[in-house]
C-alpha cells in the first residue's frame, strides 16, 4: 500500500491545498484533496498498461473553486434538499442559509463542507491506506445549531475497495447527514454517456418528490415504475417514462441485519466489463444520472456531457428534518454519528 502527497494548488489567501494519492498492488489508485475533503480521482488499470479514470474531476484547484457540480466532494451538514431552508425541532424554528439562486437549502448551504479546508492525517496499514480529514463546524454555521466535530476517512484496500466513513459529534442537537458526491462513468470519464450501464438496486420502495424534487413525506413502491431496478436494467431504456428526463431519486434500502455495510446496488458497464458494487450502513441511496451535466471540460483534457456520469450518494432520506416518519437525522450531545460506504470495483 502506498500514499504520495503533492501540492494541488493555492487558495487566494495563500493556503496550500494538498493532494494525496493512494495506490494498491493491483494498480488501482484514488486521489483526494483537503479542499472539501474531495475525491478527485479513481483510476484502474486497463489493457496493455493503460490507466482509466472512472470519476469526473478537475486538474486544477481553481476549477473546484469556481464550479457548483460538487464533483467528489464531502457534503454536509445535511445532504440533499431542505424545503424553504428551514425545519422545526421541538417547537423551535431553525432557519438555514439558502443557496444562490435557489429558494431552498441544498447540500449543506452556500458554504457547505464541500468548501471547507480540512485537516489531513495519513495512515498506512498492511491491508489498506487511508487519509482522514477533520473539521470543526461552529455553532450557527449555515444556520445549523451546535458545534459539530466531523471526520471523513477515505481508504483504499487490497480488495480494490474505496471505503468512505463519516463520523461526527455535537454539543447541541443538530441534524447530520453526510455523503460523498462522486460522479462515476465506468467506461471512463469523458467517454460518452452512462445510459448503456446496467443497474441493479435491491430496493422495494423510493422516496416520493414533487416537481421541484422536494420530498413529500411519502414512500412508494417501485412496482410498475421506471424506478424498479430489482432486476438489472440499462439506464437509458426507460428515460422517456420519467418527467425530468433522467433519474434523481432516493431508494429506500432494506433494513440492516447488523451494523455492518450490506450490499445495496451494483452497476456494470458492458463494453469494459467493469462493475461497481455499493455497500453501506445508510438507509437511503440517492441515484442520479447527471441530468444537469452539460458539455464541460474535466480532467485530462476531456469533456463531459448530459448523462455523462452517475452518482451513488448513500444517505438518510431527503427532507428527514421535516418528516418524523423518516429515520431521524438528529444527533444529540453524547451520541456518535457514524456511517460507512464501500465502493468495490471489479474489472
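Even glycines carry a Cβ here, placed using N, Cα and C.
Owing to the predicted nature of the structure, the values given are computational and were not obtained by experimental measurement.
Going by TrEMBL, these are the annotated features:
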type	residues	note
BINDING	80, 81, 181, 182, 183, 248	beta-D-galactose binding site
ACT_SITE	181	active site, proton donor
ACT_SITE	313	active site, proton acceptor
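Of all Cβ atoms in the protein chains displayed, 22 besides its own lie within 10 Å of the Cβ of residue 181 (beta-D-galactose binding site). Neighbour density around each Cβ, counted as other Cβ atoms within 10 Å, peaks among the recorded positions 248, 313 at 313. Non-local neighbourhood of residue 80 (beta-D-galactose binding site): 106, 107, 177, 250, 286, 313, 315, 318, 319, each in the same chain, at least six residues away, with C-beta under 8 Å from its C-beta. Applying an 8 A CB threshold to same-chain residues 6+ apart, the list for residue 182 (beta-D-galactose binding site) reads 39, 42, 55, 56, 71, 72, 311, 312, 343. Within the set 80, 81, 181, 182, 183, 248 that the record links to beta-D-galactose, no two Cα atoms are more than 18 Å apart, and one pair reaches that distance.
All chains included, 20 other C-beta atoms sit within 10 angstroms of the C-beta of residue 81 (beta-D-galactose binding site).
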